[in-house]
Amino acid sequence: MSDTAPSASSLGLTEKLEWLARPGATALVVSGLITVFAPLILTVYVSFFDDKVIVFPPQGYSLAWYGSSIPQFISPLLTSLKLALLAGGLSLLFGVPAGIALSRYRNRGTQGIGTLLLAPLTIPGIAIGLAIYVFAITVELRTELPLAGSMALLVLAHVLITIPWVIRICLASLTNHDRVTEEAAASLGASPPRVIWRVTLPAMRNGIVASGFFAFIISFENLEISLFLVSPGMSTLPIAILQYLEYRLDPLIAAISVLQIVGIGAILFALGNFANLGRVAR
Amino acid sequence: MTLAAATPLPSDRREKGHLAAASALLTPATAVVAVMLVAPLLLLLRMSFNRFDPTKLMVEAATAENYTRFFGDAYYTDVMITTVVVALSSTAFCLLFGFPIAYRLARWQSRWKNAVMLLMVLPLFVSSTVRSIGWMVLFSHGGVINLAATSLGLGTMTLMQTTTGVIIGIISINLPYMILTLQSVVEGIDENLEQAAESLGAAPARAFWRIVWPMALPGTMIAAVLCFILAMNAFATPVLIGGPRFHMMAPLLYWEFTANNNWPFASALALILMTTTLVMTVLANKLILGRQARA
């Protein structure tokens, strides 16, 4: 009995704190959600404004900006699509085998290579962009290969930053993969490449589809690295949007942005069936 | 005895096969990273010791003057201080907002959960340029916040070209990373442990601080370090919300490269930014996780 008396009074205090903490936590939850979603919702709202100058309240609403935004940005949009398709495809070609090797053979050597292959995720994009540009110019001066400003270099730079995503998703898709089927195929006489082609790759099909789309999105959205590597007159969609926003803010730029958000949302929604999105994004 | 020595051990042969297969599978990706990242970064390091010349642009040298110029000039050290302050405060707010959201999301059971998770993932894949537009509409002179402030008689209030505005913009971009990482951390903590603590008489708040928080700390550190790195390297948000007179490291580097053509100094800036970020994350890990290990 003597034990319960002090603990009961302290419980009274913590209950009071609890009573205060719950609405406090709810306020934090609400503020956090507003900070993430308010700008996106506002962009959608503004894209329907009739007037070219954004004023509140708007004079009227229209869908006209959606019609005129795509022709205005068609050239950077096509460049970004081409770039993202090439980079996505190539990073599958390089990243999927690496993912298989990293999941199969675990030792100190492969762990070191794994860290190296994931390094592009943690190095600032602006430093990667500068380094690749400077490197390309240096090689160009020695060999006279036209590297700087070429589409090939831009694609390779995007492959560099999309490979870590492909590897991570492939590793995740192989965590529950049972090697027994591979050993069975090998013991029945299948050559190692045939085992990969007929057993391993089909088993990781969902992961490959998901990582291809993620590589596409990461490349499509990249700004910092492309900034250093585009040639004069060439532009990607994120660069074009940045340059437009430095001078103007109007419903047109909101409309092209909303189209982009909707496109990415559609891809992610479709991918929901293929991969655990929350896990992939981490 | 002789038999064992004559035929190579099967495991030995298998090792060799593994080595060949692993290198065949890993070489293409490793080659891309070596040529496109390792070699360029090494060149950048070498270039940061070159000398800038207004007419010849870059002169081969072995001088530390780009580094002494950075650390000797208050203008540049102020840019670094601004960058660190913005990164630290945005990370602190991401933790403050992110933990309650992640906790509730992790303990939430609903058929809508997948849809809500999708909504959390979506902003991560929308470029920071696009995500700044909404804030520009809110913050600008004719924007929503200014209109609300003037109609309430608070005078003009614009967050464009202010540090606060940039911090809000960066919180908005980094918060989903924090939420998704912490959500998985909390989901990994058995809910029964909390219930056990509560059934033994601990109030929910006490159960949280004594059970959940210590278990979540290592994962929380990973999420905080990620947010900090992203904020240190932020480019589009400081350019668009901060404007031309607000300086953080990444825009400064780009400006030195494009406007001044000063490659050696831009290279030094890149290395200073990367080193500062690395040192701060290592120190934070040592301090916070080291203390927990001793406790």
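Just so you know, glycine gets a Cβ as well, placed from its N, Cα and C.
The annotation domain 'ABC transmembrane type-1' is assigned in TrEMBL to A:77-271.
The feature transmembrane segment is assigned by TrEMBL to A:25-48 (among others).
For A:83-103 (among others), the entry in TrEMBL reads transmembrane segment. Beyond its flanks by at least six residues, the transmembrane segment (A:83-103) meets 110, 113-114, 117, 151, 154-156, 158-159, 162-163, 165-167, 169-171, 174-175, 177, 196, 200-201, 204, 207-208, 211-213, 215-217, 219-220, 226, 236 of its own chain at Cβ-Cβ distances under 8 Å.
Annotation comment: TrEMBL describes A:115-139 (among others) as transmembrane segment.
For the transmembrane segment (A:151-174), the residues of the chain that approach it from at least six positions outside its boundaries are 82-84, 86-88, 90-92, 94-96, 98-100, 102-103, 114, 117-121, 125, 128-129, 132, 136, 200, 203-204, 206-208, 210-212, 214-215, 218-219, 222, 225-226, 229-230, 275-276, 279-280, judged by C-beta separation under 8 angstroms. What TrEMBL lists as transmembrane segment is A:151-174 (among others).
The transmembrane segment annotation in TrEMBL covers A:195-219 (among others). Within its own chain, the transmembrane segment (A:195-219) is flanked in space by residues 83-85, 87-89, 91-92, 95-96, 99-100, 158, 161-162, 165-166, 168-170, 172-174, 177, 181-182, 185-186, 264, 267, 270-271, 274-275, 280, which lie at least six positions past its ends and keep a Cβ under 8 Å from the stretch.
If you look up TrEMBL, you'll see A:252-275 (among others) marked as transmembrane segment.
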Counting only residues 6 or more past its boundaries, what in the same chain has a CB within less than 8 Å of a CB in the transmembrane segment (A:115-139)? 98, 102, 145, 147-148, 153, 157, 160-161, 163-164, 167-168, 222-229
